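In what follows, a single structure is set out as structure tokens and then discussed.
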Amino acid sequence: MSKLRVAVLGAKGRIGSEAVRAVEAAGDMELVAALGRGDTLDTLVDTGAQAVVELTTPASVMENLDFCVRHGIHAVVGTTGWNDERLARLNTWLAGSPGTGVLIAPNFSIGAVLTMKFAEQAARYFESVEVIELHHPNKADAPSGTAHRTAQLIAEARDEAGRPPQPDATATALDGARGADVDGVPVHSVRLRGLLAHQEVLLGGEGETLTIRHDSLHHSSFMPGILLGTRRVVTTPGLTFGLEHFLDLN
Ligand SMILES: NC(=O)C1=CN([C@@H]2O[C@H](COP(=O)(O)OP(=O)(O)OC[C@H]3O[C@@H](n4cnc5c(N)ncnc54)[C@H](O)[C@@H]3O)[C@@H](O)[C@H]2O)C=CC1
Ligand SMILES: O=C(O)C1=N[C@H](C(=O)O)C[C@H](O)C1
């Protein structure tokens, strides 16, 4: 059986360099390109890349995906910075390239995906919920893509359950003291040397609290998800948002 021809964009970055090693070590894949900032995307075409693993920056990801989709190259995207406008633009590109698949995964680690799922399941049962994400201080964006998605899923679940807004009597506050408001869910971002990627979802009800916590201790935690996403995206046309769609979670 021929190997899947895979390229990594952002290959010199923290997660990109780990992804290069993971693709090289995968028996069913061949690493055909490892591109960094300034390298030409034409290399993807020249090397016959079938799938790209996109791990760059929010400022670069759209241009890279535009190129990939136009050339029918599938993409697995870990880069953050997604909003409705960007997703709509990507969907328009995909509509013009039927057969091409893009997976956007706010988080590739199985534990983080489960944290999001558990938080979504628990959200309807509790009056209060807040998200705390904790990351290394070199991270460029806040809140994390994972925390943003977690808060959205929680908000949707609360909405479906007919839950009213959360209780909060705060009358005066320093800017930022109550975190960022993501669809009514406060999200707090910690940046601390020594950390990698961590998240807590705190839920509170009458006389009880529930804490759901996940810790990524090494970038290796993201690799099984990246490899799974790469294998699946090539047979899944259109946009898939979230690795959970490629896992048997229900
Ligand atoms: N979904 C997930 O599970 C994970 C997502 N991430 C996300 O991945 C992204 C990268 O994270 P890090 O590796 O920590 O950042 P980083 O800053 O270490 O790496 C980004 C790399 O991309 C390169 N780059 C920028 N523009 C480029 C372009 N046009 N073409 C090729 N390379 C380009 C940069 O020079 C840099 O080497 C961030 O958005 C981060 O939040 C990180 C870890 C896990
Ligand atoms: O920048 C990181 O490191 C990470 N980014 C992703 C995010 O923003 O959620 C995934 C993980 O938290 C690591």
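Every residue gets a Cβ built from N, Cα and C, even glycine.
Record features (TrEMBL):
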DOMAIN    5-108  domain 'Dihydrodipicolinate reductase N-terminal'
BINDING   Gly10, Ala11, Lys12, Gly13, Arg14, Ile15, Gly78, Thr79, Thr80, Ala105, Pro106, Asn107, Phe108  NAD(+) binding site
BINDING   Arg37  NADP(+) binding site
DOMAIN    111-247  domain 'Dihydrodipicolinate reductase C-terminal'
ACT_SITE  His135  active site, proton donor/acceptor
BINDING   His136, Gly145, Thr146  (S)-2,3,4,5-tetrahydrodipicolinate binding site
ACT_SITE  Lys139  active site, proton donor
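On the structure: features taken from TrEMBL.
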residue : record                                          : contacts (Cβ under 8 Å, 6+ apart)
Gly10   : NAD(+) binding site                             : Gly16, Leu35, Gly36, Glu54, Leu55, Thr56, Thr57, Ser60, Thr79
Lys12   : NAD(+) binding site                             : Gly36, Arg37
Gly78   : NAD(+) binding site                             : Ile15, Val53, Glu54, Leu55, Ala105, Phe108, Phe222, Ile226
Thr80   : NAD(+) binding site                             : Pro58, Pro106, Asp141, Ser144, Gly145
His136  : (S)-2,3,4,5-tetrahydrodipicolinate binding site : Arg191, Leu192, Arg193, Gly194, Leu195, Leu196, Ala197
Lys139  : active site, proton donor                       : Arg191
Thr146  : (S)-2,3,4,5-tetrahydrodipicolinate binding site : Pro106, Asn107, Ala112, Met116, Glu133, Ala197, Gln199
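Listed in sequence order, Ser144, Ser189, Val190, Arg191, Leu192, Leu195, Leu196, Ala197, His198 are the same-chain residues at least 6 apart in sequence whose CB falls under 8 Å from the CB of His135 (active site, proton donor/acceptor). Listed in sequence order, Asn138, His219 are the same-chain residues at least 6 apart in sequence whose CB falls under 8 Å from the CB of Arg14 (NAD(+) binding site). Counting Cβ atoms from all protein chains shown, Phe108 (NAD(+) binding site) has 27 others lying within 10 Å of its own Cβ. With the fewest other C-beta atoms within 10 Å around its C-beta, Gly145 stands out among the binding-site residues Pro106, Gly145.
The predicted model assigns the domain 'Dihydrodipicolinate reductase N-terminal' (5-108) a mean pLDDT of 98.
All protein chains considered, the CB of Arg37 (NADP(+) binding site) has 12 other CB atoms within 10 Å. A helical conformation is recorded for Arg14 (NAD(+) binding site) in the three-state DSSP classification.
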